[in-house]
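A.B. asks: Sharing a structure here in structure tokens format.
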Amino acid sequence: MQSLRTTLLSLLLLLLAAPSLALPSGTGRSAPAATVCPEHCDPTRCAPPPTDCEGGRVRDACGCCEVCGALEGAACGLQEGPCGEGLQCVVPFGVPASATVRRRAQAGLCVCASSEPVCGSDAKTYTNLCQLRAASRRSEKLRQPPVIVLQRGACGQGQEDPNSLRHKYNFIADVVEKIAPAVVHIELYRKLPFSKREVPVASGSGFIVSEDGLIVTNAHVVTNKNRVKVELKNGATYEAKIKDVDEKADIALIKIDHQGKLPVLLLGRSSELRPGEFVVAIGSPFSLQNTVTTGIVSTTQRGGKELGLRNSDMDYIQTDAIINYGNSGGPLVNLDGEVIGINTLKVTAGISFAIPSDKIKKFLTESHDRQAKGKAVTKKKYIGIRMMSLTSSKAKELKDRHRDFPDVLSGAYIIEVIPDTPAEAGGLKENDVIISINGQSVVTANDVSDVIKKENTLNMVVRRGNEDIVITVIPEEIDP
């Protein structure tokens, strides 16, 4: 009996001395040992991580040493190391792993923080960014180029996110997409002297106003040209015929013969336009088709008399949308995609003008009546310049912008000399100021227009820099 007591006491002491032997292995999960982090991180004491890390290199639980991260789908949250690059440890029901979760001995899985598909530079679509990164690491291991992200979403398709800022606020792009098919590029040709060969001499823009091919543009774009060619947005080209011209208003109507219906632009009410409204100008400056500029309406009623333009009785729309050579004749539209003007004139940076759409409506109505009655369009005299009256305030503004601007306060300021015209042949240049013709003083641009209609020879005195130069220009009679 005494021997049995001694044996039981020995076993009890053995169990107390080694509690880990009290339970057989596998009967339960022991709590994970707490990670003890050093008070200060010393990277020099860190063991170098393996070079082959499929999950990428990440910081350890203490945020000190670099270790190999676990792959997507690997276990995490207990004794396991941290998840790899771009992955997070998530326990059941999608809860991110935390210290509380770990104390409760719950295991999780490494899940990619990004769930949307991406397109790689290897032209493959990956389920998420983490899979692409893993593929890139495998590629580099094989001494191949790394795989980089080309776009969000699957390869070969755009990423449409209706909640993105660019989707909500790109109203200008919406307008351009709507109007661009009805905007045309116009190429102008003339025959060389003593030759039948034609050469391109100028270009401009226009927009379609009827499904059967009527196109509105500026008069100065198409006049004095032997041949007018129109190119649609799809690249198709057509010969165009000039149907009607209003030189004073600088509006022309041309037509192409096209099988089928063409896209058209509708005319808005320029009388309802407000200063500060957003506008879009589209055209073909420098033959660059469908070039878009945007701006606001500076004023809706800039008088022709104030500007010294050819139609002194008409108000113009002033805008800071850029209108360049070749943009002329293209539409100026509001955010509803309605034409509220024809791009016609750039004076200087930030100051451009458009012919109001209400004037276009009047021209189209009168043109219809003229063609219905069979009235012929009379010939006109033409020298090939675009000009504006020079006032003291405008002269001061131009002097501030251009130091070599002539020291003059009135006259007709030449904005543009059209190539291969009497003006160019006579020697006129841009920025010249016409101060007299045939001995008569020139105060406004209208003075020049009046003399051109009456005289067959123009002996001009122009101020160029600070010199007065005598130039002779012989107007040409042309079909408008």
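A Cβ is built for glycine as well, from the same backbone N, Cα and C atoms used for every other residue.
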A.B. asks: Swiss-Prot annotation: Cys119 disulfide-bonded to which of Cys83, Cys89, Cys155?
C.D. replies: Cys155
A.B. asks: Please work out, from what Swiss-Prot records, which of Cys64, Cys65, Cys89 forms the disulfide with Cys76.
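C.D. replies: That would be Cys89, the partner Swiss-Prot lists for Cys76.
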A.B. asks: Mind checking which of Cys53, Cys62, Cys64, Cys65 has the disulfide with Cys37 in Swiss-Prot?
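C.D. replies: Within the candidate set Cys53, Cys62, Cys64, Cys65, Swiss-Prot assigns the bond with Cys37 to Cys62.
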A.B. asks: Need the cross-check against Swiss-Prot: the disulphide partner of Cys65, picked from Cys41, Cys46, Cys110, Cys112.
C.D. replies: Cys46
A.B. asks: Reported as an integer number of Å, what is the Cα distance between Cys89 (disulfide bond) and Cys110 (disulfide bond)?
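C.D. replies: The separation of the Cα atoms works out to 5 Å.
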A.B. asks: Quick check for the class: what is the C-alpha distance, in angstrom and rounded, between Ser328 (active site, charge relay system) and Cys155 (disulfide bond)?
C.D. replies: 40
A.B. asks: So which of the disulfide-bonded residues is most packed in, judged by how many other Cβ atoms lie within 10 Å of its Cβ, out of Cys62, Cys68, Cys83, Cys130?
C.D. replies: Cys83
A.B. asks: Taking the Cα of Cys65 (disulfide bond) as the centre, which of the recorded positions listed as Cys110, Cys155, His220, Asp250 lie within 10 Å of it?
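C.D. replies: The recorded positions passing the 10 Å Cα test: none.
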A.B. asks: Restricting the comparison to the disulfide-bonded residues Cys41, Cys64, Cys110, Cys119, which residue's C-alpha is spatially nearest the C-alpha of Cys53 (disulfide bond)?
C.D. replies: Cys110
A.B. asks: For Cys37 (disulfide bond), find which of the recorded positions Cys46, Cys76, Cys83, Cys119, Tyr169, Phe278 come within 10 Å, Cα to Cα.
C.D. replies: none
